[in-house]
């Protein structure tokens, strides 16, 4: 299994091949085997408690999730392994999660976050710390959250849920603001001076942030937002704001973009050299101040540019196709 080192996504054919090589009866039995490997990829400098999760997507691919912690920020800015897992699926356009194995029992925060999936009660979970190595028993989410509160209490059936296709119908306003940035970003050459196919990198980051905002799952507040970050090699990572029906387990767009960065092999956070946020100017839920604080401590020299948008779509700007 050496070829899986540092990979956050395993293609379906590769997962099948590895399962056969190990003599496992199914790919699902491979999930607990990979949990310890996932734990080694976690970044918890505050707690030093490594959590790993491995999920089976509805398209047959495997996805890893790990916990991320950020010194200097309040603990509620941390990313839980289950949140990372679902964001990893979203980033790679996987439409569903069938089952996952995790190193420790999901906390209440994560059990609630999982409710944003369609038919979450049937999601199968294996907790490796509670089973012997040869005991690959999965149980449905409803066994550990028997009386849930979730989207079905607040939304109609036409509203897309997490991992389902979203289009919030957002467009950038004519005026932009807060164009920041110096000659250097984290000691690297100014990324905004570079072009890809004749397009400034700063424009590409803005476009990516708008795409992330249009994919945002924000049906409760109607305040979608998205962040795009760029590394020193010019690679762009997108993060969409994800709301929870219970509000507090919601995942901010900066955290979502950092999940994409880590899952994409981005390396150290100092390699992040530019960032853009897209959100509604008069939103009741605004991300700008939190995003600035987060990036100031995670990647201090990274400039954040904010762009405002509007939506002319009905309701929360999003309906199922």
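For all residues, glycine too, the Cβ spot is worked out from N, Cα and C.
Copied from TrEMBL, the annotated features are:
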DOMAIN    26-152  domain 'CMP/dCMP-type deaminase'
BINDING   67, 68, 69  substrate binding site
BINDING   80, 107, 110  Zn(2+) binding site
ACT_SITE  82  active site, proton donor
DOMAIN    200-321  domain 'CMP/dCMP-type deaminase'
Which of 68, 82, 107, the listed recorded positions, has fewest other Cβ atoms within 10 Å: 107
Neighbouring recorded positions, C-alpha within 10 angstroms of residue 69 (substrate binding site) - of 80, 82, 107, 110: 80
Other C-beta atoms that fall within 10 angstroms of the C-beta of residue 80 (Zn(2+) binding site): 23
Structural state census, the domain 'CMP/dCMP-type deaminase' (26-152) (DSSP three-state): 47 helix, 26 strand, 54 coil
Model confidence over the domain 'CMP/dCMP-type deaminase' (200-321), averaged pLDDT: 93
Proximal but sequence-remote residues of the same chain as residue 67 (substrate binding site) (Cβ under 8 Å, at least 6 apart): 42, 43, 44, 49, 50, 51, 78, 79, 80, 81, 84
Listed in sequence order, residues with CB under 8 A of residue 110 (Zn(2+) binding site) and six or more positions away: 80, 81, 82, 83, 249
Additional residues surrounding Zn(2+), by Cβ distance to the 80, 107, 110 centre under 8 Å: 81, 82, 83, 106, 108, 109, 111, 113, 249
Tally of DSSP helical, extended and coil residues in the domain 'CMP/dCMP-type deaminase' (200-321): 39 helix, 33 strand, 50 coil
Chain-mates of 67, 68, 69 with C-beta within 8 Å of site centroid, substrate: 42, 43, 44, 46, 51, 66, 70, 78, 79, 80
Rounded Cα separation (Å) that holds between residue 68 (substrate binding site) and residue 107 (Zn(2+) binding site): 15
Local Cβ density at residue 69 (substrate binding site) - other Cβ atoms counted within 10 Å: 17
